[in-house]
């Protein structure tokens, strides 16, 4: 069965997006799947402005461990975050910047609480480059302008979701894994979503939603 048929129990694409937006407004997480012919993976996504230590602990425990902070290009520029490498030749052109740590309010930087502190520091609209140390235990990602209509990635999906929900345009993501360390696929992602009260949606759902409602996002 493909993504569409497996996700049918969650409603049509528009309903799935609206359920995800409501969950984010309520401070809950969502699960975002990319295309089956791309990574074909699902990421847990939380809004930065409501992110809790307990939510971060769940991400660290249930996911790959590489917790990423999705930022607009403007915020990444404000923080003077350069690309992780000069020549990005990764398969999906994931726009990693140098990793970061908050300069104040953290110990080693690796605990759930410390990572939340770093993330909230970096996402603050008034943040300055000197508020952050480099490298660190949080991995910022630059969302491409135009969002999922420009690049069908989890990074763009995350920032688009925050803007569509009327939230600060910053979110965290991490790839969901199975207990044996393998990557979770659609059936496992659906079961995880049911267990943790997280709506499941796809990048394709978001593309359809934005086109149908002619949503122009930053």
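Residue 1 is the first one shown; counting continues down the chain.
Just so you know, glycine gets a Cβ as well, placed from its N, Cα and C.
What Swiss-Prot annotates here:
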BINDING   38, 39, 43, 151, 152, 153, 154, 155, 175  D-ribulose 5-phosphate binding site
BINDING   39  Mg(2+) 1 binding site
BINDING   39, 154  Mg(2+) 2 binding site
SITE      137  site 'Essential for catalytic activity'
SITE      175  site 'Essential for catalytic activity'
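Among the binding-site residues 43, 152, 154, 175, not one has a Cα within 10 Å of the Cα of residue 137 (site 'Essential for catalytic activity'). Listed binding-site residues: 152, 154; maximum Cβ neighbour count within 10 Å falls on 154. In this structure, the binding-site residues under consideration are 43, 175, and the one with the smallest number of other Cβ atoms within 10 Å of its Cβ is 175.
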